[in-house]
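Participant: Below: one structure in structure tokens.
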Amino acid sequence: MGKREVDTVLWKQNSLTLTSRAAHVWTVEPWHPTALEGWPSGHPGSEFSHESLQGLAGGHRGLLWDSGLTDEQKEFQKVAFDFAANEMAPHMAEWDQKEIFPVETMRKAAQLGFGGIYVQPDVGGSGLSRLDTSIIFEALSTGCVSTTAYISIHNMCAWMIDTFGNDEQREKFCPDLCSMEKFASYCLTEPGSGSDAASLLTSAQRKGDHYILNGSKAFISGGGDTDVYVVMCRTGGKGPKGISCLVVEKGTPGLSFGKKEKKVGWNSQPTRAVIFEDCAVPVSNRLGEEGQGFGIAMRGLNGGRINIASCSLGAAHASVQLARDHLLVRKQFGETLSNNQFLQFKLAEMATKLVASRLLVREAATALQEGRPDAVSLCSMAKLFVTDECFDICNQALQMHGGYGYLKDYAVQQFVRDIRVHQILEGTNEVMRMIISRNLLTES
């Protein structure tokens with residue numbers, strides 16, 4: 001049995017056995033216009049009743065959502081789509097409007113192996129590839145972008161501990177993170193340093209067998225509600241070589257949180273400042289050696305850029321579906337909008353952008369998995385291109401809905417709001433352009 005087969009067996013043992021689920025996964029029928037029967041009068045399009053989102057289970061050949069995937073990857077994808085349709089999409093609006101952090105739903109996702117997708121199996125992870133991970137995050141995001149985006153951040157933190165931690169650290173933190181009994185947050189951004197991560201100011205002074213941590217982090221997903229904080233801090237001089245990585249546990253004296261931020265989107269995950277005031281962190285909680293933190297952060301961000309691009313793909317995928325369904329039933333001037341050639345062409349452009357975006361993400365994921373020298377540029381290209389194009393796809397889908405697209409009864413507006421921030425986080429898209437151009441100009 002080869003390594004890939006062993007990893008797959010371990011993944012199936014860790015989660016629900018996929019082959020046993022296959023008999024009842026995907027019993028949802030593909031969307032049909034009769035699903036609109038019973039909707040409120042005067043609402044002729046894709047209302048937030050989720051029939052259209054559940055119809056994603058059937059897929060559309062024109063969107064090539066499973067093109068080129070192995071049978072194993074198609075099975076991962078089916079499980080993720082099924083979970084999104086049945087456990088996430090029906091609650092997506094409520095989570096957004098009431099700002100609910102859906103802990104129990106995420107723990108159900110963890111039972112499927114989605115709490116540590118690319119963490120090694122010996123500490124409870126699924127041991128899957130970056131491409132597998134992208135496929136899963138795209139599928140989950142069709143049910144709720146905001147929740148999936150948090151799951152992706154949690155996965156990145158678990159991977160950092162798994163990859164850069166020693167055996168004791170891996171055994172201490174990873175099993176509970178992979179099961180999502182505990183949740184993680186990534187603490188890099190500061191009030192005065194966003195994309196310029198090397199200029200961070202949060203300091204950690206060593207005193208005996210502890211570091212005394214002082215400073216604050218801004219815009220931290222899960223802040224205040226999570227249990228484990230992967231913190232980049234300054235243990236040395238200026239610049240990237242002075243940065244180290246500490247794992248701070250909730251309840252540590254000196255750890256506190258700012259107010260819960262009010263956001264345009266991403267409302268199913270709390271966002272707060274994380275504050276350290278003479279916070280004593282054991283030296284045994286340092287990942288790697290002193291001065292290695294910046295490298296850990298950058299390696300994490302390469303994967304994070306693929307993850308967030310994958311979440312954008314899911315939003316765009318769902319939005320194309322919603323737009324298509326709306327055009328098929330909405331009538332203007334005596335005929336359905338689907339007969340309007342301008343809208344036909346616009347839908348074709350949206351589908352083309354979606355497929356092109358997906359291909360770029362999957363190439364970048366493969367490059368990162370293989371450790372190719374072009375991986376950093378490809379991850380930056382994927383993040384830049386896909387988050388821009390997928391936002392445009394969602395925005396065009398909203399436009400196709402007319403005034404209905406601006407109502408919170410309709411799912412498309414939430415996809416627009418939730419993915420707008422993807423052009424900002426994990427390094428702004430302006431910074432992605434800088435990385436790509438710098439790599440091109442310094443090639444030998």
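Every residue, even glycine, has its Cβ placed from backbone N, Cα and C.
Annotations in TrEMBL come from automatic prediction, not curation.
These came from TrEMBL, pasted as-is:
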- Glu426: active site, proton acceptor (ACT_SITE)
- 70-181: domain 'Acyl-CoA dehydrogenase/oxidase N-terminal' (DOMAIN)
- 186-279: domain 'Acyl-CoA oxidase/dehydrogenase middle' (DOMAIN)
- 291-441: domain 'Acyl-CoA dehydrogenase/oxidase C-terminal' (DOMAIN)
Participant: Averaging the per-residue pLDDT over the domain 'Acyl-CoA dehydrogenase/oxidase C-terminal' (291-441), what integer do you get?
Facilitator: 96
Participant: Tell me, by DSSP, whether Glu426 (active site, proton acceptor) is helix, strand or coil?
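Facilitator: Once the DSSP labels are grouped into three classes, Glu426 (active site, proton acceptor) ends up as coil.
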Participant: For Glu426 (active site, proton acceptor), what is the tally of other C-beta atoms lying within 10 angstroms of its C-beta?
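Facilitator: Cβ-Cβ neighbours of Glu426 (active site, proton acceptor) within 10 Å number 30.
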Participant: Please work out the helix, strand and coil residue numbers for the domain 'Acyl-CoA dehydrogenase/oxidase N-terminal' (70-181) from the DSSP assignment.
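Facilitator: Secondary-structure composition of the domain 'Acyl-CoA dehydrogenase/oxidase N-terminal' (70-181): 84 helix, 0 strand, 28 coil.
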Participant: Sort the residues of the domain 'Acyl-CoA oxidase/dehydrogenase middle' (186-279) into helix, strand and coil with DSSP and give the three counts.
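Facilitator: Once the DSSP states are binned, the domain 'Acyl-CoA oxidase/dehydrogenase middle' (186-279) shows 6 helix, 47 strand, 41 coil.
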